[in-house]
């Protein structure tokens, strides 16, 4: 490495012109801040972290050129009542379409007349047969209720059916009865528990076997997608559309007619927006907290204000200049590099601490102020340069990885470290010189026992006089930590990085679990319909694939059989002719109707028990529920029994006419051919050059690594240029992991070279590297105990811990080899105390990240804090023990 200036010459240069140096530094800082504010950009997308020439990026860009920007904001509307969900979605769709200028496209497939007419044809044939069976059993009651939707009609009709069965013993009549009573049982329980009546969907869309049909499940969850107009000048390009959509949802769920409806937003733009908003807010708070904690720590360590002011001015100048460097060298910050300021708070102050502590030590020894400043520089300049070189090298290795986001962080952070060293050698001594005149004798020097005496304290004496015990215990504990290190889990799930309780994450999982509305899929292109059908057949045979949606798939299969089932259903419901609902309880009739119905259910139960029929048990259970319902009415008779009945009847029957009408209309489906597919639907699957889009939905939740890897590997095994969000996530995380491991390996090799150059001894280089390896093992062991895994956010600290950790070795070993001090004295004087304070400042600066709600940011703070705690333990206990045993000068 190039020769460094002699300390006396450096000090002489600074001592002659401290005001000029400080003025220039402050001027450059102001200019740097202004330059950064005008020119710095923030890249908020995950795509911005990857090089554009990566093969999977090129596949994705080709897909976007053909089909446009397909990133969508997804609104999910849910209710236990499918018709209420549909009406709520209709209302939201109309509301969003009024937001001109915010959305390029608002798409609600459930609102298209095409699906409302032909939706049943897209159900599995078996579900349609189950639906016909259900409606056949419910038809007698539905016929009565359609003409007069009321509680009296329901109970009177069921009473008649029970009488009919008791007279005939017809098994078909019993099957219909037990189905109706079982469905009513659920309704009574829902009313009793929640204060609202049952939905008629179980009659109209249920499977008849207690399981929801595809139609019922899909109806309860409606999905509207929005393609936002992006404002590239905004911090988050989709911020305004997202806020508008969120406001529309908030208005929707407050409307009385949509009581019980829940709704939320998700989709890649929403997840990225919430991630950026959360992490930016967290980092701003953490930066303020980090600076505050650092100031408090320095006040405690330096025992006075003037030295703290000197060190903090040097640090702040370094950070300001580093922002200017970042703007000039890279021009933007991404979601990884935006944490570099917090890094520099801990790293940049490290060098100032060493200088100030040695300066104070010289003052205690009787040196004059100027002589003490000069010695502080002269004694530390080589160690600081070598220590900074290791950290800068650790960051610089990022630039040799294939991950653009990491490479940019490495360039910015490495430059920042160099800048902080320069300010330590110029701004810090200038401040110390200028403030020297304001010092009062001994006001900034600890009055109690000097640090040199720490080695004689009982704890330290016991620690440093038993080096073999310390080395043996440390190595034994390191062996214990080896197993968790070898089995450490890497968490690939990006959802686990988000703040807990985010609506967008909750609804992303809901969509993933919904076979009907899965919004997380791979995409494949086909040149024509024949290739699309061929690829669909091959992809749907894969164990990891649930289904494929494409233009050919919009023509349902088994149409002839399905249309035949629908024709039979039309006959079943031919006499069901709904009339408008009118609330007419006819209160005087109710006691007799209830009593008669209760009596017939009791007789039915008795008859079935006599026959030892298995249906006796569910009928008995219904009778118990019915008695409970009547008991509740009796209890409320003097208060609100009439209100309860109105609520029960309204919940069941107010929307029944509309539901029956919609059901009958859905039975009028006609054969579907591709020409019938509406344009707004077709254009989503046909590209600019005529290529066809296939959306490949996974069978499992692919937020976790194993199912994601299986899905991506199998799909790309058939279509190598397949793309889409799952593939982008998998490929980018794989490259990120490999890039960090590569950077870690490069940093370790580079540090080994620097140690050899610095110490000119293999033995001392090994003694510097061994505590670092042990500290890493301790850190990973601590992570396992704390339940923290490596992830795509916190893995960033590995090369950093290497650089920071080896700094401690350089400071301690250099100090040990410079004089006649014992390892114990080195560890308890300014070098050791400096290592301790360095670790604390870094722990405070990164530990401040643990206030974050964003779990990725939190985990960075947690891992770095564990790393610094381990570093203090090994470099102030294990390394002195090694030097005592094998550190012959």
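Each Cβ is built from the backbone N, Cα and C atoms, and glycine gets one as well.
Keep in mind the model is a prediction, meaning the values are calculated, not measured.
The annotation domain 'SSD' is assigned in TrEMBL to 317-434 (among others). Across the domain 'SSD' (317-434), the model assigns an average pLDDT of 87.
The domain 'SSD' feature in TrEMBL is assigned to 732-885 (among others).
The transmembrane segment annotation in TrEMBL covers 285-302 (among others). Long-range neighbours of the transmembrane segment (285-302) within the same chain, counting only residues 6 or more positions beyond its ends whose Cβ lies under 8 Å from a Cβ of the stretch, are 308, 311-312, 315, 341-342, 345-346, 349, 353, 356-357, 360, 444, 833, 837, 840-841, 844-849, 851-852, 857, 861.
TrEMBL lists 309-329 (among others) with the feature transmembrane segment.
For 335-359 (among others), the entry in TrEMBL reads transmembrane segment.
Residues or ranges marked as transmembrane segment in TrEMBL: 379-400 (among others).
Taken from TrEMBL, the feature transmembrane segment covers 412-435 (among others).
The transmembrane segment feature in TrEMBL is assigned to 470-490 (among others).
TrEMBL lists 739-757 (among others) with the feature transmembrane segment.
Among the features that TrEMBL reports, transmembrane segment is placed at 764-786 (among others).
Residues or ranges marked as transmembrane segment by TrEMBL: 792-813 (among others).
Proximity of distant same-chain residues to the transmembrane segment (833-852), defined by a Cβ-Cβ separation under 8 Å and at least 6 residues beyond the stretch ends, is recorded for 278-279, 282-283, 285-287, 289-290, 293-294, 297-298, 301, 339, 342-343, 345-347, 349-350, 353-354, 357-358, 451, 797, 804, 807-808, 811-812, 858, 860-862, 864-865, 868-869, 871-872, 875-876. Positions annotated as transmembrane segment by TrEMBL: 833-852 (among others).
Sequence annotations record features per position, and here TrEMBL assigns transmembrane segment to 858-886 (among others).
Within the chain carrying the transmembrane segment (379-400), a Cβ under 8 angstroms from the stretch's Cβ atoms is held by residues 1, 4, 7, 10, 347, 350-351, 354-355, 358, 406-407, 409-411, 413-414, 417-418, 420-421, 424-425, 739, 742-743, 746-747, 750-751, 754, 757-758, 799-800, 802-804, 806-807, 810-811, 814-815, 818, all 6 or more beyond its ends. The transmembrane segment (335-359) shares more Cβ pairs under 8 Å with 412-435 than with any other stretch in the list 309-329, 412-435, 739-757, 792-813, 858-886.
Only sequence-distant pairs (6 or more apart) were considered; of these, at least three Cβ pairs between the transmembrane segment (739-757) and the transmembrane segment (792-813) are under 8 A, so the stretches are in contact.
Same-chain residues lying 6+ beyond the ends of the transmembrane segment (858-886) with a Cβ under 8 Å from its Cβ atoms: 282, 286, 339, 463-464, 467-468, 470-471, 474, 497, 763, 767-768, 770-772, 774-776, 778-779, 782-783, 786, 788-791, 793-794, 796-797, 800-801, 804-805, 808-809, 812-813, 816, 822-824, 826-827, 832, 835-836, 839-840, 842-843, 846-850, 852.
The list of residues near the transmembrane segment (764-786) in space but at least 6 beyond its ends in sequence, with Cβ under 8 angstroms from a Cβ of it, reads 474-475, 477-478, 480-482, 484-485, 488, 751-752, 755-756, 801-802, 805-806, 808-810, 813, 817, 862-863, 866-867, 869-871, 873-875, 878-879, 882-883, 886-887. Highest Cβ pair count under 8 Å relative to the transmembrane segment (412-435), across stretches 309-329, 470-490, 792-813: 309-329.
Here the transmembrane segment (309-329) has Cβ contacts under 8 Å with residues 25-26, 28-33, 35-36, 39-40, 294-295, 298, 302, 337, 340-341, 344-345, 348-349, 352-353, 356, 411-412, 415-416, 419-420, 422-424, 427-428, 431-432, 435 of the same chain, all six or more residues outside its ends.
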